[in-house]
Every structure is written in C-alpha cells, then in structure tokens.
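Novice: Submitted below is the structure of interest, expressed as structure tokens.
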Amino acid sequence: MADINKYIPMVDAILSASNPDEISPKRVRKALQILFSVDLDSQRKVINELILERFGVMQENPRVLVPRNDLINRDQELALKLQKEGERLLRSTRKRKSKSESKPKRKKRKNENADSNSISVRKVLLSLPLREFLGTEELPRTQVVKMIWQYIKEHNLQNPNDRREIICDKKMEPIFGKKMTMFSMNKLLTKHLFNTNEIVKHEEEQETKLPKNEIKSEDELLPNASA
C-alpha cells in the first residue's frame, strides 16, 4: 500500500480553503485524484479516514478552518491593509522627517482593527440552548467549535463504526438533534450564533414596523403613572 501520509499537506490545504458547511471526504478525495493524477478508489477507506482525521484536527483548531464568506472578508481586509501600508511607505519616503511620528500611530490603529475584526476574537451571542450547554452568553465562534469538539471527544460521542457520525447525548440534542455528521456541525451551529449588531438592527426594524397607535408613551409603560 502506498504511503498516504504524503497527501496530508494537500488534504490540509484543501480543507483550509473549503467551506466547512459543504466539504465532504468524497470531494477531497476527488480533488486529490486530480492534483496527483492517481486513482484512489482502491484506497477509498484509508483515504477517507485520513481526511476525517485531518478534519478533526482542524476543527479542534478552528482558526484554520473558517467559512468561505469569512475567508473572502479577510482577503479584502488584507488587501486594504496592504494598500494602506504601501501608501504609508510612499509618503514616508517623501516626508522622512514625519516618518518616526506617523508610523507608531498607524500601526496601533491597524492592530486595533485587526484584533476587533478577527474571526478568532470577535464574539457572537449564543442561543438559549447553546448558552445552557456551554455555560456562557457569548464566545468567539472558533471557541464555540473548539469547546463542542472537546465535549465530543471527552464523552466518546463519535460512532465507532463511522467516525463521521456523532451520536448526541441529552445535553447536545436541543442544539443538534439525536445525531449529526462532523461536516454538518458548522451549518447547524449557524442557527445558534448571532452577531450583536444584527440583533440590534432586527429590533430597530421591528420597532419601525409597529403602527403608531401601538407605540406606547413612557407614561403608558409605567404602572400607576397617573397616581
């Protein structure tokens, strides 16, 4: 049997560049066949096991594996930062005297923006079932995934006959149902994670839709206001 470990770097690259909500062992295996010009059908089982193993490793370190939209946003942010950095360097060559003064300030603003926008740092609000399961109201999405995988490993919830399948216990059922696959977890989680600004916007939209006669004054909201 050929050494399948040589495929690990490419498997990792494919997984890290793919949408975790859509990826599957079959897609990764087909990609390997194209990239290496080989037929892996006879090794389907061991290749699938390798892909599942690498997927699990990446899920436990979820900063590596993120949805496509986040990858696109990060690419756009990086391009913008590179453009600003290029403009800054161009200005610094023209105004050498101001270089030492402007450089630290610009770096500080850049780092603050990077920290606040990073997917590994930005917190999201959790639904009530997920809040009860994890014991907190908000966490970075990456930390949510990591904690769920730690729980799965600690309680041996993966089907021993098919490691792709996760048999949910009573604590996980309100969130994921009786069972799920390791590839469907991210998609199921989207129903339980909310950005704060999206909730605020939704509430504002709901208020604007209320008829004027349903919007109560402060006096009407207070009990015994006329007393």
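Cβ coordinates come from backbone N, Cα and C, glycine included.
Marked as domain 'DEK-C' by TrEMBL: 1-56. Under the heading region 'Disordered', TrEMBL lists 89-116, 202-227. Here TrEMBL flags 91-110 as compositional bias 'Basic residues'. Taken from TrEMBL, the feature domain 'DM2' covers 119-195. Residues or ranges marked as compositional bias 'Basic and acidic residues' in TrEMBL: 202-219.
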Novice: Over the domain 'DEK-C' (1-56), what is the model's average pLDDT?
Specialist: 86
Novice: How many helix, strand and coil residues does the domain 'DM2' (119-195) contain under DSSP?
Specialist: 33 helix, 20 strand, 24 coil
